[in-house]
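K.L.:
The structure that follows is given in the form of structure tokens.
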Amino acid sequence: MLTTDKGSSHCHGASVTDQQLLQHLHPQAQSHPHPVRLQMHSTPTITATATPKPTPTIHMSTHSPACEKRLEAETPRRDLHELLLELLDMLLSCLVVAPCVIAYWRGTWELMGVYLFPRSLPLSAMASFLIGGLGHFLFTVTQNFFKEHVHPDRRRLTYYTVSRLYTAVFGIVCVNMWRGAWLLCDWLTSIDSLMIVSVVTAIALVFLVATRTLRNLGAAPYTVTMDHKSDYFEVDTMFKIPGFHQPGLYVLDTLFSVFVIGSLVVIAWRGVWGIFDLLLFPADRAKSAWGSLLIGYLTVFVTFLIHPLMRYVCRRISGIPKLIICDIYYLMTFFGAVNAWRGIWNLLDVYLYPDNRLLSFWLTHLVPFLLLAALKCSNSILVRGVFIDAEGVGADSVDIPINYVRLHFLRERRKKCANQTTSSSPPHYYLKPEHASIGRNAEKDKEAQSSLIEKPHPAVQIV
């Protein structure tokens, strides 16, 4: 649990941010049962009998008895504050971001069916697959170009124009990639046979487990991707091969990530979606949609509820047991995400202008994207990068990156600390070791993939 604590450490000669305080946190703080604080001394202690050599030190110390009593009295308020921030993040993800992402995908997907060879399903599927595959490949190999030439510190207006156009085009590419692979699978295999659908889905899941890429099955409401300049154009590949040093291997890595892993993920989603089409009120689309929505959000609630337990377990195990536990959790989030998407998607088909389908498609294509852009999380519509199962330090392997509200508060706290010469330390719930990953941008294997926090600056010497 997160706990706030208003300690009494001071910043002398430098502005110490939350990220830097996290880097200076003592390694043994993870097993410390009580809040700790950093004491920073800038002057030596001189007595009448000896003059010690001035040595800048940073050490850990427990609070004084009076301070401990004050902290104990504040504990209920701190727990409530933490719970409120987590609850707000969950509600924002489940009730705002996820419905907008799903609505955008539904509108874009259906518009492709209207305008892209509507009279020939195989030709439309092939066209979508080529647009999606080549588009993914292009955006992946040109990511360094965008990082180097498009930055708000140079031309702010150009950056915001190009970056939002990038997201809009990349979003269409992502939808086409999924639509093409999905429809090709429908065309090449049966969609009416439960046995065939189940076998194809099982094969896809087996390959994902074998390649340790089951983690890529996750989607909203388990991720909120921020429109942050530090990694706006970043697209991870499976083997993380640098493009400039090994261009041939980089191209192969990109092709494998896009066409193999990406297609396996689509096949798995299509299979579970199709199984519910066949089993859950197949004759009544409205009941089927409401049933999927209920199943999906109940699963989301359960996965959020057991998330602290999963983090606790993953911090204490490693190797094969950790991989098995993580894969089980990934499958649970996958099951919840598919049903949430299927429920919202079909409800929009049933209730949003069913007599004017074209208007319904355009509304769900434009309005959700504009709303997400206004919230600075339009990148949540993108499906990009490949992430490895159980990769990450400790609990990072099961991280759910929906830290929208919490990161906003952390950013405001950093600004406050930077503007004050002497200020109280930030709340300890930002300093707890299990939440250090919120401020860490070094690892890009998270499903959150983005945050509001700037990338760490060079270490500041504290004297």
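Glycine is treated like the rest: Cβ placed from N, Cα and C.
Got these off TrEMBL a minute ago, pasting:
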{"type": "TRANSMEM", "residues": "83-105", "note": "transmembrane segment"}
{"type": "TRANSMEM", "residues": "125-146", "note": "transmembrane segment"}
{"type": "TRANSMEM", "residues": "158-178", "note": "transmembrane segment"}
{"type": "TRANSMEM", "residues": "190-210", "note": "transmembrane segment"}
{"type": "TRANSMEM", "residues": "248-269", "note": "transmembrane segment"}
{"type": "TRANSMEM", "residues": "289-307", "note": "transmembrane segment"}
{"type": "TRANSMEM", "residues": "319-338", "note": "transmembrane segment"}
{"type": "TRANSMEM", "residues": "358-375", "note": "transmembrane segment"}
K.L.:
Looking at the transmembrane segment (358-375) and the transmembrane segment (125-146), are there 3+ C-beta pairs under 8 A, with each pair at least 6 apart in sequence?
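P.N.:
No; fewer than 3 Cβ pairs under 8 Å.
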K.L.:
Sequence gap of 6 or more, Cβ distance under 8 Å, 3 or more pairs: do the transmembrane segment (190-210) and the transmembrane segment (248-269) meet that?
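P.N.:
The answer is yes, given that the two segments have at least 3 Cβ pairs within the 8 Å cut-off.
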K.L.:
With Cβ distances under 8 Å as the criterion, find the stretch in 125-146, 158-178, 248-269 that has the most pairs with the transmembrane segment (83-105).
P.N.:
158-178
K.L.:
What residues elsewhere in the chain lie close to the transmembrane segment (158-178), defined as a C-beta under 8 angstroms and at least 6 residues from its ends?
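P.N.:
Beyond its ends, the transmembrane segment (158-178) has Cβ neighbours at 104-105, 108-109, 112, 128-129, 131-133, 135-136, 139, 146, 150-152, 227, 229, 232-233, 258, 262, 266, 269, 369, 373, 378-379, 381-384.
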